[in-house]
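Features reported for this protein in TrEMBL:
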DOMAIN    7-76  domain 'J'
TRANSMEM  120-137  transmembrane segment
REGION    186-213  region 'Disordered'
COMPBIAS  203-213  compositional bias 'Polar residues'
Amino acid sequence: MSRRLKDYYGLLSVARNATQSDIKKAYVKLAKLYHPDLHDNNDPKFTSKQEMFKEITEAYSILNNPRKRSVYNTELYEVEKATNLRDGSSVPLEPKLYEMSAEEKEALGKQIKKIRFRKVRRLFIIVLALFVIGWYAKFKYIFLRMYNRDIGNKVIFKDKEGVDAEVISEVNRRFSAELARVREEREKQGILRQPTKKMGTAATANTNTVEKE
């Protein structure tokens, strides 16, 4: 066995296809033997028992967790497979020893469902937020179009947020040009009316002169 990979099954004295219930029973049994609180500090074996308790606690934390146990089993299988190849052993490892029990598969399945549910819920919230933002921008655009229009039925946006600045500039330019044109036409009409008024005054004066004569 590699020094970098501990034999947790051996520490708890359980088979590699043991159920979580079997692993828990084995841990409780060993904890009663090695727990520091159950031994005197003056006991010559106190330190070794304390270290042993740490080891079995570590083993239990790995083997009692379906996901961690699955990862550990895969690593254990690869290490022993490499060891057999290096030693020239032709004895194949039994894959069944590294398969999870029905209880472990059920627990792992529940964890996977929880993870998937969290991902789906997060995705749903993001999509909903984008949908709301999109409709808000659309209604805001429509409202601005209905609220503020110029002579040529072109929109003048007071709020430039989300609107192309070039479009705003072009609309305002056309509006200014149209306004100038209207003013110019009105000024011309005023100029043309002045001679008409003078001519009318002259005609009235001539009429009065004729009457006097």
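Backbone N, Cα and C atoms are what each Cβ position is placed from, and that goes for glycine too.
For the domain 'J' (7-76), the model's average pLDDT works out to 87. Taken residue by residue, the domain 'J' (7-76) breaks down under DSSP into 52 helix, 0 strand, 18 coil.
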